[in-house]
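Single-structure report; data block below.
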Protein chains: 2
Amino acid sequence: MASILPASNRPMRPDKNAYEGKRSVYVKNPYLDAMDEDILYHLDLGTKTHNLPAMFGDVKFVCVGGSPNRMKAFAQFMHKELQLEGDGEDIEDICAGTDRYCMFKTGPVLSISHGMGIPSISIMLHELIKLLHHARCCDVTIIRIGTSGGIGIAPGSVVITDTAVDSFFKPRFEQIVLDNVVTRSTELDKELAADLLSCSREIPNFPTLIGHTMCTYDFYEGQGRLDGALCSFSQEKKLDYLRRAHKAGVRNIEMESTVFAAMCGLCGLRAAVVCVTLLDRLESDQINLSHDVLVEYQQRPQLLISNFIKKQLGLCSQM
Amino acid sequence: MASILPASNRPMRPDKNAYEGKRSVYVKNPYLDAMDEDILYHLDLGTKTHNLPAMFGDVKFVCVGGSPNRMKAFAQFMHKELQLEGDGEDIEDICAGTDRYCMFKTGPVLSISHGMGIPSISIMLHELIKLLHHARCCDVTIIRIGTSGGIGIAPGSVVITDTAVDSFFKPRFEQIVLDNVVTRSTELDKELAADLLSCSREIPNFPTLIGHTMCTYDFYEGQGRLDGALCSFSQEKKLDYLRRAHKAGVRNIEMESTVFAAMCGLCGLRAAVVCVTLLDRLESDQINLSHDVLVEYQQRPQLLISNFIKKQLGLCSQM
């Protein structure tokens, strides 16, 4: 049984919130406010067709993840946890007019899918950040909850990212702007990561750690898998690469964290990445968990974030 | 009214097929055939759980595109065009067990969604190519049908890609393998592109051209848009970049073609990219077509590919 009290001494109720103070969402674009209309094409929303402040002005937490079904399940789970009216089963997809992403709102919590890979999450983040700006949201915390491959840790472990690194273990995101390469920081909010770790300590049997997360452009060759359609390296080279990653502090691998950290950092969003590992890449390449185990693992980041949000909203003083 | 005869003299019926001859799908992975089981995780298929040769052995055409709804609509359209039994409305998603991609089969035609961006299509292609290999398919043609931004051409134009180029207008795809950067060719099948152009000439009012397609990792800063959450360049710099792209032969911009060309080329798949343009990027950044016009534009690549497939199958001798 884990400790009942948070390991951290920081108060987590909103009246003494460590994150208090109006902190706006900053777009970094001098042209945006001069536009007559802003169409958020891939979200099927727009400034003329939707009253964005009325729809989203109260958002304080944004949770994003790759899979539409998982983000819908998270929204339904939050609906119950926040004790909102109704059973939440018929929760509406705000982006139903497009099949690029889906979006659900439960009280102050927005849940959005982002697909797989840096380009896919980047499109969503551009439009989400503009949405938060148009809606005049402030004090927004954004958390990516996802799945990942672990390195040297048991499957089912939850990794809270301190820093996202690229394939070369560097804490940077290389953004191509026109035909220039611009390097951006991938630091995440250390205080938020520490608070999430504290929160995890209160959940029984919930293996959680803080570590670096490596973000790649490719699931097979880029992550050293021997089971893709293309593979030109040996088992030894693969293991050497993964061991070097581990030595550099990498505990898990996924495909979105660097651009997520870079964009959220630039735009003033407190950001965290919380991913469960589905396998240990030092042991295998293929994910062959039973359906039930897979489902339970995938719920772990959701459970942690739901507990964290409830604490932030003062709904967990009994914990 | 367009010409009744194909502009090309090459016969297109299967008995005299220019593409005749057994051409296998080649995985380039020495480890694959030694695996006891291959789980195609993101397709929710596997060699032990599914009889892949029975399910897919007759596949000759694979059509891929970003949007699940559009690929379902294409499958339903092909069902009608191939005059298969039933109305095709209840067509089954073969990947229904996952929400990462969707897949539909109508006779010898497979229709699959790939999400947005290089990493997303790359995962799908690895697993699709392994599927075709396990199913012992041969003589497979693969065509990406998508949407794109045009450069200096009217919205609604269909661009058949001769060569995919990167953000620096180079015909290459840089694949990170472990922590090495490997450069791959992005040439596409010139004969297939020419045949598709011939085929387009037979459709009335169907503006089509062959040109280079630029593939970027980002929709906003990477494509010179002034309307993202982040923008650090001027209108002049944007236009200079797009004009240089045009001068280098680029006629449209999308986000998947380089890795698609590179992987299909390496694996012996005859490949083409056919995208409609939704706007002229020299004129604007936002897509603000009416719903009806958008739907009609998105159907253009589908119409062309359906006509091409019918000809290849000898179902169009009346044309």
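Each Cβ is built from the backbone N, Cα and C atoms, and glycine gets one as well.
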Tell me which of A:C63, A:C102 TrEMBL records as disulfide-bonded to A:C95. A:C102
Here the recorded positions A:C95, A:R100, A:C102, A:G146, A:R225 meeting chain B with a Cβ under 8 Å reduce to A:R100
The correct three-state DSSP answer for A:C102 (disulfide bond) is coil
Position of peak Cβ density within 10 Å, selected from the binding-site residues A:R100, A:R144, A:R225: A:R144
In DSSP terms, helix, strand or coil for A:C95 (disulfide bond)? coil
For A:T147 (phosphate binding site), nearby residues of its own chain (Cβ under 8 Å, 6 or more apart in sequence): A:G66, A:E254, A:C275, A:V276, A:T277, A:L278, A:Y297, A:Q298
I want to verify one value. Collapsing DSSP to three states, which class is A:G146 (phosphate binding site)? strand
What DSSP gives for A:R225 (substrate binding site), in three states, is coil
Cβ neighbour count (10 Å, all chains) around A:G146 (phosphate binding site) is 27
